[in-house]
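Visitor: Just dropping this structure here.
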Amino acid sequence: MNPIQSFHCKLRSLATVLDGETARLLRALDGEDSDFEDSSARILCDLYSEVQTLKDDVNAHLDKARLESRESTHFIKAAKVLMKKNSADIIKLREFFQKYGYQARDKEDSACEHRVSNSSPGLAVCKDTQEPGVKQELSEPRVPRGSAPEEPLRSPQLSDFGLQRYMVSQGPANPRQETVSLKEDRASETTPAKDPSVQVLKTPRCALKMDDFECVTPKLEHFGISEYTMCLNEDYTMGLKNMKSIKSSPLSGVGGEAVETGPVTSDNSFAIPGPMIQQLEKNDVEYINSPLPPKFCTPGLKIPSSMDSTDLVSIDYPLSKPNSSPTDLEDKDCAPLILNSDECYQSFADPHSPTITSYENFTTPSPPKVTAIPEDILQMLKYNSNLASPIDVKAMPLRRGFTSKGQSTRGAANKENW
């Protein structure tokens with residue numbers, strides 16, 4: 001092979017390699033090569049994020065649907081329970097209405113009403129309600145021909161609840177007022193009081209049976225009182241009554257003698273002290289005199305008073321009972337009702353006048369001698385035209401309240417009250 005030709009081939013292949021490398025380097029410089037390599041990874045990441053977002057949305061929708069389904073199931077269960085309760089209540093109401101003569105409408109009437117509600121009001125006409133004059137008759141419950149006339153509606157009776165024995169006979173009720181409708185007329189004609197088929201039970205008359213219980217008064221033994229313990233339960237009231245009866249009898253002291261202070265006894269009473277009975281009797285309104293005003297006496301101090309020194313004279317008011325004897329008012333063994341304060345201090349002598357010590361002497365001391373003139377007086381003398389120069393201090397006259405040697409100290413003792 002020609003060496004020149006082989007050299008040109010090698011040079012041509014080198015030039016192509018250089019061109020490819022140059023282009024790759026240019027793309028690397030421009031960033032096109034990196035974008036091309038990362039584009040697939042970026043696209044994969046975007047797809048993954050979108051899938052994750054869609055998955056989260058689907059999960060949220062599923063949770064919401066699950067909650068709604070749970071709520072719907074709870075609602076359905078509650079509706080079923082309510083339907084059962086309503087059906088039971090409807091059955092009870094139907095039985096209650098049927099018990100008092102209520103009859104439900106026939107199926108034909110309900111089907112007719114259903115057709116009328118579904119169809120237009122102008123074209124919907126029921127077969128049974130073609131004539132307007134028969135509407136009132138059709139509104140009433142249909143009665144079979146073979147059956148007897150049923151009992152009309154009536155108010156509940158005690159017999160309906162099994163309380164026949166508490167039924168009280170009643171007079172015939174006042175007839176209702178006539179109305180236009182035939183239904184009200186028929187109902188008023190067949191009232192329970194006028195209907196001969198209705199039997200009004202009379203009040204049962206039965207004798208009071210005393211077999212079950214006995215109405216017996218309580219025995220005295222239950223309260224601790226009996227014929228054997230009667231004398232032991234007597235109180236002071238009975239003793240006082242017995243004491244009054246003994247006083248009123250001639251056995252009591254006569255001629256101003258005092259009642260015995262020993263214990264008074266009777267056959268059926270306890271021994272009661274005599275002074276206690278006398279004191280209780282003196283407290284009675286019939287034997288009480290008006291009390292004297294008390295006198296107050298303080299030992300060691302005499303208070304001059306404008307009133308007379310004579311004692312107050314007691315005034316004896318007349319007793320309410322003229323037949324009362326002086327023995328009823330004697331009270332030797334009892335303490336008097338009024339205590340005189342003078343009697344408590346009779347043993348005490350009049351106290352001596354208190355001695356006045358040196359610190360209690362209220363004589364006025366001699367006034368001090370002024371040797372220097374104060375500054376405020378000097379200022380006053382400076383502006384006084386009558387005095388050219390200050391003069392010697394003269395003896396000042398005594399002020400009010402200063403006493404001489406021969407003057408009594410009575411007025412000086414009260415100088416604090418000036």
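Cβ atoms are placed via backbone N, Cα and C, with glycine included.
Annotations for this protein, taken from Swiss-Prot, read as follows:
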| type | residues | note |
| --- | --- | --- |
| MOD_RES | Ser119 | phosphoserine |
| MOD_RES | Ser120 | phosphoserine |
| MOD_RES | Ser139 | phosphoserine |
| MOD_RES | Ser155 | phosphoserine |
| MOD_RES | Ser159 | phosphoserine |
| MOD_RES | Thr190 | phosphothreonine |
| MOD_RES | Thr217 | phosphothreonine |
| MOD_RES | Ser290 | phosphoserine |
| MOD_RES | Thr298 | phosphothreonine |
| MOD_RES | Ser325 | phosphoserine |
| MOD_RES | Ser353 | phosphoserine |
| MOD_RES | Thr364 | phosphothreonine |
| REGION | 102-417 | region 'Binds the NDC80 complex' |
| REGION | 111-157 | region 'Disordered' |
| REGION | 170-198 | region 'Disordered' |
| REGION | 350-417 | region 'Required for localization to kinetochores' |
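Are these features on the surface or tucked inside, and what touches them?
Guide: DSSP classifies Ser155 (phosphoserine) as coil under the three-state reduction.
Ser159 (phosphoserine): 14 other CB atoms within 10 A of its CB, across all protein chains.
According to DSSP, Thr298 (phosphothreonine) is assigned to coil rather than to any helix or strand.
All protein chains shown were included, and the count of other CB atoms within 10 Å of the CB of Thr364 (phosphothreonine) stands at 15. Following the DSSP three-state reduction, the secondary structure of Thr364 (phosphothreonine) is coil.
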Visitor: Can you tell me how many other Cβ atoms are located within 10 Å of the Cβ belonging to Thr298 (phosphothreonine)?
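Guide: There are 9 of them.
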Visitor: Within 10 Å of the Cβ of Ser155 (phosphoserine), how many other Cβ atoms can be counted across all chains shown?
Guide: 9
Visitor: What whole-number Å value do you get for the CA-CA distance of Ser155 (phosphoserine) and Thr298 (phosphothreonine)?
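Guide: Spelling it out, the Cα of Ser155 (phosphoserine) and the Cα of Thr298 (phosphothreonine) are 95 Å apart.
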Visitor: The region 'Required for localization to kinetochores' (350-417): mean pLDDT?
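Guide: The predicted confidence over the region 'Required for localization to kinetochores' (350-417), as a mean pLDDT, is 60.
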